[in-house]
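In TrEMBL this protein carries:
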- 91-185: domain 'Ig-like' (DOMAIN)
- 190-274: domain 'Ig-like' (DOMAIN)
- 290-311: transmembrane segment (TRANSMEM)
- 317-348: region 'Disordered' (REGION)
Amino acid sequence: MWLRWDRYGGSQSVAVFHPTHGASFPNSGPYDQRMSFIIGNSGKTEAELRDATLLLKGLRAEDEANYTCEFATFPWGSSKGATWLRVLAEPKNHAESQEVTLGPDPTPMARCVSTGGRPPARISWFSPLLGEGTESRTAGPVTGTSTVTSRFTLVPTPQADGAKVTCKVEHETLSEPVLIPLTLSVKYPPEVSISGYDDNWFVGRVEATLSCDAQSNPEPTAYEWSTTMGFLPPTAVAQGPRLIIHSVDESANTTFICSVANAVGTGRAEQTIRVRESPDTAGAGATGGIIGGIIAAIIALAVAATAILICRQQQKEEELHRRPEEEEDELEGPPAYKPPPPKMKLEEPEMPSQLFTLGSSEHIPLKTPYFEPSISAPEQDMPRYHELPPLEERAAALPLHLEEPGDAAGEERLPLEDNGDYLDKINPIYDALAYTTNEAYQGKGFVMSRAMYV
């Protein structure tokens with residue numbers, strides 16, 4: 001069963017569906033054959049008969065209400081669900097400008113209308129002019145709809161003629177606002193000015209011309225030339241908005257008047273002419289000087305801009321040529337970073353050195369000091385290095401008769417065949433690097449020196 005709730009809280013049954021007896025509409029007055037259920041009771045399955053979807057045709061504004069669907073089941077009882085039916089109507093929009101006449105009071109100059117919207121549309125105006133919109137609302141063509149009319153009001157001036165304004169219409173049924181551009185129209189009499197006089201009219205000048213310039217809406221319909229004396233000089237000829245003086249003489253020394261008329265009114269302008277006896281060369285020279293100065297300034301600016309561009313281009317080329325040379329100098333020169341001087345660090349407290357004597361050779365320590373670059377010892381003397389004499393020189397310095405250990409000298413002696421053992425005791429790493437002495441070369445007066453360790 002479907003119930004309809006009105007705004008005052010009252011409800012009425014509008015549709016009932018029974019699996020056996022079918023559909024019924026107790027209060028079908030407002031709906032009048034517009035309401036039906038999507039499914040019937042003939043040939044439908046049990047699952048389909050549980051669908052009580054209600055179809056409402058020809059939607060109207062008065063159909064907007066809160067609807068409740070109630071299910072009666074046995075033995076589980078009843079359950080219900082509610083929904084709000086909201087009715088919208090898309091409006092029709094149009095706008096137009098209204099031609100007005102020049103005046104001091106604010107006047108509606110454009111109108112924008114949104115017809116048949118539900119809910120009412122929102123209208124706004126965009127314009128560079130200081131105008132404002134005034135809005136009114138009436139009933140729409142369909143019951144429950146509204147028509148909104150907005151008028152753009154402005155004081156009519158010549159400056160407003162031809163100005164652009166835009167009407168903006170917003171509504172919930174529109175995916176984006178509707179923009180309607182308009183051009184304002186103001187009727188005003190001609191605004192007149194006279195041009196062509198350069199303050200250098202002299203006797204004998206030919207084909208001097210005055211122009212009558214008029215701005216108006218609508219366009220001018222008539223031009224009339226005259227003077228303050230009432231008539232034109234004999235050499236003057238009027239050609240619509242132009243007045244041509246074929247030969248300037250004393251009669252042109254007067255005030256000319258141009259009158260322009262249109263459908264709204266008439267406008268006029270005056271120009272006083274002063275005729276000279278001879279041409280004004282100073283004015284011409286001044287004018288020429290001004291023109292020449294402008295041309296010279298333009299040329300100077302062009303030359304300066306060209307010079308700046310050339311200098312920048314040359315600097316770029318020099319920089320490109322200089323970069324490879326600087327890179328080569330950086331590679332050939334000394335490194336920019338100077339490492340710190342080596343600093344001596346003694347490994348351990350120095351142990352007593354064991355000395356061996358081979359003939360008259362010098363005493364050589366078995367262990368050399370170790371130096372660490374990270375620790376400085378400025379007060380200690382740096383060790384002195386010297387190269388050992390080759391084995392041949394040391395052998396030549398020995399006496400022919402080698403003394404056995406424990407001789408009268410009281411010094412410990414080494415046999416000749418062990419003359420290289422002391423080198424092996426300098427550093428243990430040399431033992432692994434040493435070559436095995438070939439026994440074939442020992443004796444027979446053959447002497448071979450060991451490799452030098454660096």
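Please read every residue number as a count from 1 along the shown chain.
Heads up, the Cβ atoms here are built off N, Cα and C, so glycines get one too.
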Check your understanding: Taking the domain 'Ig-like' (91-185) alone, what is its mean pLDDT?
Key -> 95
Point to revise | Helix, strand and coil totals (DSSP H, G, I; E, B; other) for the domain 'Ig-like' (91-185) | key: 3 helix, 55 strand, 37 coil
Practice item. Could you put numbers on the helix, strand and coil content of the domain 'Ig-like' (190-274), residue by residue per DSSP? Key: 3 helix, 50 strand, 32 coil
